[in-house]
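So that you can see what the record holds, here are the features copied from TrEMBL:
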- 52-144: domain 'Cadherin' (DOMAIN)
- 145-199: domain 'Cadherin' (DOMAIN)
- 1-17: signal peptide (SIGNAL)
């Protein structure tokens with residue numbers, strides 16, 4: 001029984017020690033709490049846009065929003081193609097694309113959001129990085145990896161003998177169901193040859 005009591009005391013000691021330090025902590029880390037909250041002042045969902053949208057430009061991508069309240073606040077973006085392909089409406093934080101995007105050329109863009117006081121260009125909040133993802137549409141036809149595939153088969157070979165293997169690839173996003181799936185078909189000579197989905 002004495003062993004149990006000793007073990008119980010050992011487990012309680014750290015708990016009491018932590019309790020004592022917690023009581024003295026709030027005044028010491030009040031600045032850290034404000035910094036942590038400041039990091040969360042930026043509010044937005046993940047931004048994305050479909051590639052090759054066939055509607056008039058610009059295309060709305062999303063919105064950067066800060067909980068900072070200042071009548072002189074102005075939104076700015078920096079980074080990849082900021083203020084060329086992508087622009088932000090400085091009062092609302094709405095982000096627009098001014099070009100049709102091609103996911104096969106570039107699948108995502110990393111930008112930085114800033115909010116400044118327009119009267120003195122002073123930052124009102126720490127800059128924050130965000131990514132604009134370009135969503136795939138099934139806009140690429142499969143292409144063979146070479147122009148000619150040579151094959152041969154001995155005469156009188158049994159049905160089902162392998163003759164050659166062909167390979168085609170699709171540039172669309174393979175993570176989107178069906179977009180990069182390749183199937184094969186024999187268009188001439190189908191009475192003698194067949195092909196499966198592996199090529």
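Glycine too: its Cβ is placed from the backbone N, Cα and C atoms.
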- request: May I have the DSSP-based helix, strand and coil counts for the residues of the domain 'Cadherin' (52-144)?
  value: 0 helix, 44 strand, 49 coil
Message: Going by DSSP assignments with H, G and I as helix and E and B as strand, what are the residue counts for the domain 'Cadherin' (145-199)?
response: 0 helix, 2 strand, 53 coil
